[in-house]
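Student: Input: one structure, supplied below.
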């Protein structure tokens, strides 16, 4: 493998510097993979790792310096390619199933996708009815190709309003063209870009605490695709959602949204909250193995003597994944390592009891409870359950709801 110059190697590892990604795709679990040179970022935050750590054969057959394009094919009518991740390098294509290279690959791009040129810039899947037929859209400079999976024919398009895409991405049924460190949302049938674009990818697809002088926290946070760290609603129904260095407050009744830094309202916490729940007009905020308590108000008041150890206050060792209290109840439901515990907040001392397994989600980012039941948050979606009991007893996930669209009213 060729060695990167030291300056480039360092910049590759910090996506908040405004780097241009070579390719973007989601894996089988819907986690975005961002490729840059011979490195890979998994998800919306975290450090880069070498791509060959996850896809070793890319190096075995082709000394990996970059990935030209990538996408995941999810077409059940095509069992030979369904649920595969495809990577394009120069004139070759690699197909992976569950991170294992498929037999016979790599192959020439022309063999698997006849009519599609080599040395691509980007690719993205487009299932029907979002496209007329199950398709893959390929980009090379200003040339756009719709490849129809079923009959392996190609329709060349002219997307006049779109910039040249260096990578492309289908996420939450929307289509994004990345160019530099900016992106534009486009219609996959026509290439039309509607709305105020381009936008900075770091605001919506990465968790970056600060990278410019733009203080419009509201749009960035409510429309971000990065998962929430924690969420709760207070006794009056106001919602507080936390992500990285920022939080969103959504007021009950008028749906007013406010976004700002965590430091501005909860200066003792600074950032990176693990879990939050509301009880008796107070916000209980957990960070690592410490519990902070604030009295709800304008401003919120940090209680003297806190933080205190989570174990001493709640009878369970931190960190934890999520926590919630249902209205008119004294039970804090604590989620940790795929189990839920009950803590009676009216008891002294408090202990974590009634341990039971959670079978339907490998990881919970946050949860909150209100008159309508329990909302459980994972990734970019939340799921509604009638009660804590039905959540724990569930054996299948209910309908997905989009956090950015249905909770915060974002249109992209």
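The backbone N, Cα and C atoms fix where each Cβ goes, and this holds for glycine too.
Found this in TrEMBL, in case it helps:
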DISULFID  16-208  disulfide bond
DISULFID  126-131  disulfide bond
DISULFID  165-177  disulfide bond
DISULFID  326-369  disulfide bond
CARBOHYD  164  N-linked glycosylation site
REPEAT    64-116  repeat 'Hemopexin'
REPEAT    163-208  repeat 'Hemopexin'
REPEAT    270-317  repeat 'Hemopexin'
REPEAT    361-410  repeat 'Hemopexin'
Student: Say we define neighbours as other CB atoms within 10 Å of the CB. Which of the disulfide-bonded residues 126, 165, 208, 326 has the fewest?
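Tutor: If we count Cβ atoms within 10 Å for the disulfide-bonded residues 126, 165, 208, 326, the smallest count is at 326.
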Student: Measure from the Cα of residue 126 (disulfide bond) to the Cα of every one of the recorded positions 16, 164, 177, 326, then give the nearest.
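Tutor: Nearest by Cα distance to residue 126 (disulfide bond): 177.
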Student: Within a 10 Å radius of its Cβ, which of these disulfide-bonded residues (16, 131, 177, 369) has the fewest neighbouring Cβ atoms?
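Tutor: Counting other Cβ atoms within 10 Å of each of the disulfide-bonded residues 16, 131, 177, 369, the minimum falls on 16.
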Student: Under 8 angstroms, Cβ to Cβ: which one of 163-208, 270-317, 361-410 has the largest number of such pairs with the repeat 'Hemopexin' (64-116)?
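Tutor: Per the Cβ count, the answer is 163-208.
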Student: Long-range same-chain neighbours of the residue listed as 'N-linked glycosylation site', Cβ under 8 Å, sequence gap at least 6?
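Tutor: Same-chain residues close to the residue listed as 'N-linked glycosylation site' (Cβ under 8 Å, separated by 6 or more) are 121, 139, 141, 142, 179.
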Student: Rounded to a whole number, how many Å is the Cα of residue 369 (disulfide bond) away from the Cα of residue 208 (disulfide bond)?
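Tutor: On Cα coordinates alone, these residues lie 29 Å apart.
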Student: Rounded to a whole number, how many Å is the Cα of residue 16 (disulfide bond) away from the Cα of residue 177 (disulfide bond)?
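Tutor: On Cα coordinates alone, these residues lie 18 Å apart.
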Student: Expressed to the nearest Å, what is the distance separating residue 177 (disulfide bond) and residue 208 (disulfide bond) at their Cα atoms?
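Tutor: Spelling it out, the Cα of residue 177 (disulfide bond) and the Cα of residue 208 (disulfide bond) are 20 Å apart.
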Student: Reported as an integer number of Å, what is the Cα distance between residue 208 (disulfide bond) and residue 165 (disulfide bond)?
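Tutor: Counting only the Cα atoms, the answer is 23 Å.
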